[in-house]
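Here TrEMBL flags Cys201 as active site, nucleophile. Feature annotation from TrEMBL assigns S-adenosyl-L-methionine binding site to Cys64, Ala65, Ala66, Pro67, Gly68, Ser69, Lys70, Asp95, Asp122, Asp148. Look at TrEMBL and you will find 333-342 tagged as compositional bias 'Polar residues'. Taken from TrEMBL, the feature compositional bias 'Basic and acidic residues' covers 593-607, 618-631, 649-681. If you look up TrEMBL, you'll see 1-310 marked as domain 'SAM-dependent MTase RsmB/NOP-type'. Annotation source TrEMBL lists region 'Disordered' at 315-382, 593-681.
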Amino acid sequence: YPEELAWHTNLSRKILRKSPQLEKFHQFLVSETECGNISRQEAVSMIPPLLLDVNPHHKILDMCAAPGSKTAQLIEMLHADMNVPFPKGFVIANDVDNKRCYLLVHQAKRLNSPCIMVVNHDASSIPNLQIDVDGRKEVLFYDRILCDVPCSGDGTMRKNIDVWKKWTTQNSLQLHGLQLRIATRGVEQLAEGGRMVYSTCSLNPIENEAVIASLLEKSEGALELADVSSELPGLKRMPGITKWKVMLKDGQWFEEWKDVPSNRQTQIRPTMFPVKEEEKLKAMNLERCLRILPHHQNTGGFFVAVLIKKSPMPWNKRQPKVHQKLPQRTGDTEVTATNSDNGPECITEEPTLAENEESKKTQELQNSDTEQSKKEAVCGPPPSKKMKLFGFKEDPFVFLPEDDPLFLPIQKFYALDPSFPKMNLLTRTQEGKKRQLYMVSKELRNVLLNNSEKMKVINTGIKVWSRNSDGEQFGCAFRLAQEGIYTLYPFIHARIINVCIEDVKILLTQENPFLSKFSSETQKKVKDMVLGHFRMMIVLTLHQVPEKPDDLQCPIVLCGWQGKTSLRAFVPKNERLHYLRMMGVEVFKAKRKEEESESKTDEEVQHKLAQTGEGMDVEDKEHDLVTKMEAEIGEESSNSPVESSAMEVENKIEDLDQSSKDANSHVSQESKDTDTSNVKD
């Protein structure tokens, strides 16, 4: 793996979880995974994103993305330069299963990127998207496409015992057609010169070389297999095969399509057989495919093929360009292009006068709807009449208008740079108070605004501000969110306090430390910022000090809250542990003490609540709510929470937390000064 960013251990999951000697290592893996610094993944499944050769400006489509490990790799590659908050590229991650899309959201959200969008479509018929290019609409073609298709999974035989019990040749025969349709749809949406990686965790040639050979044959030279033998030099691999037979469930073997009896031709298709013509077979270069065998380097079995698009597909010789004067392309309706350098002219029938009139009326209606939608900058779910959708109804994506009064106090309070892209801010509600503000890149905004009617978006954007009711009286109703702080930080010029490493340790190890515990320099900076006894949203930063090479040599940016007599960091628990590890603090012991302290506090609270008879109601409500969330999302365990695109559930839990505190009647004056809307770690 490039730059030694991947590591492997031979320990089984059971040993890792149960062994007392490995408890510290296990906690490290869990907490770092939760905050997105580590992804645990099958070694061979890391290969396809690496062979995509992604650059930060690439537009990427992940066709079958759930559960999201490969998507996370793609996001990391987009953000190769951490000094660029908004790369020009983006990742659109798609999955057909609505419930698995939420697992995908949970995985992607750990990386806190404004350049990821999760959509829910059948990959074999994923719609053509449009983007605005210099005032005219054009079809979006992707620079890179990852096509990790559903497969029989027979390559996972080492870790998946069920494969041995349930495997039949029928699995591959049933999946071949779907795999070919998905791959075909992928190359249709690939830009010329773009790269698509096709992969499966199967070793069956019906799912692998047969699909690639069929795709190359019908591309008529538009596609070629890339030679990647020099890439990933440490990887042991076998070449793709050129000869195979097809077998039915009952053990019948067939070498050619002509041998298949007519009553079996619905199960077996011509595309499943190898190409017989020697010249054509040689031109395909099927040996350039990669076969990873389990026993070569103690991995799972895997198949990878890298395709490069040299010219438009023969059935799409003219690149479809959608202009404002032309009807939009929907479904299978063809649009006549105005200019083409490739291929023959398309012959179309002249429409009648009546058809022309009807077309004009339809286009006028479409244009008026589009203009109205753009004025409101609302990207809602697609209409139910146009496509049959399953799963939850998603909240709309509403971009803040340029003159929105909500933004002015935020801009003034944080002294935002004039270059701040405020047009990229969005919310998930059209009416009522906006509780959260999210941010997307300029390119994803373009995609959202031009495709709201044909695309079911599950989630996009990174949370950058959260409403705080206490802040309204002080001039700004929104506090910074830690998730988006590294995206926002380059644009913020006010409310920043530089602190030393010892102060950061205090902030991260204590819940609500008094100002007197900090260094005199930090105390002075805080007091200089105080306006009366107001509480403030602040940014705490730790920079490298060249004179102290032993100290932490990378910047840390934390969101904080300044109370009357205290300072608090709004950082999730696992992220706190990460920063403390970087500073050399023994977090394992600290975590144990914290857990013992929490359990002791919980016992005291439960005892007092049992006496008052009030505690059980609140606890039951919260338990019911979490159970309901799990049931809706379909997750198996409450230990793997999936972040919903809407924030309603989070807000309900906040309310329950607050009512629980009120029932306890143990809220100190100092804790009242903290942000009560913050979700518990």
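Note: Cβ is positioned from N, Cα and C throughout, glycine not excepted.
Reported as a whole number, the C-alpha separation between Cys64 (S-adenosyl-L-methionine binding site) and Cys201 (active site, nucleophile) equals 13 Å.
Site extent for S-adenosyl-L-methionine: the farthest pair of Cα atoms among Cys64, Ala65, Ala66, Pro67, Gly68, Ser69, Lys70, Asp95, Asp122, Asp148 sits 20 Å apart. Around the Cβ of Asp122 (S-adenosyl-L-methionine binding site), a 10 Å sphere holds 15 further Cβ atoms from the protein chains shown. Note: the Cα of Ala66 (S-adenosyl-L-methionine binding site) and the Cα of Cys201 (active site, nucleophile) are spaced 14 Å from each other. Gly68 (S-adenosyl-L-methionine binding site) sits 15 Å from Cys201 (active site, nucleophile), taking the CA atoms of both as reference points. Neighbours of Gly68 (S-adenosyl-L-methionine binding site), defined as other CB atoms within 10 A of its CB across all chains, total 28. All protein chains shown were included, and the count of other CB atoms within 10 Å of the CB of Cys64 (S-adenosyl-L-methionine binding site) stands at 23. The Cβ of Lys70 (S-adenosyl-L-methionine binding site) has 26 neighbouring Cβ atoms from other residues within 10 Å, across all protein chains displayed. Mean model confidence of the domain 'SAM-dependent MTase RsmB/NOP-type' (1-310) amounts to 94 (pLDDT, 0 to 100 scale). When the alpha carbons of Asp122 (S-adenosyl-L-methionine binding site) and the residue listed as 'active site, nucleophile' are compared, the span between them is 20 angstrom.
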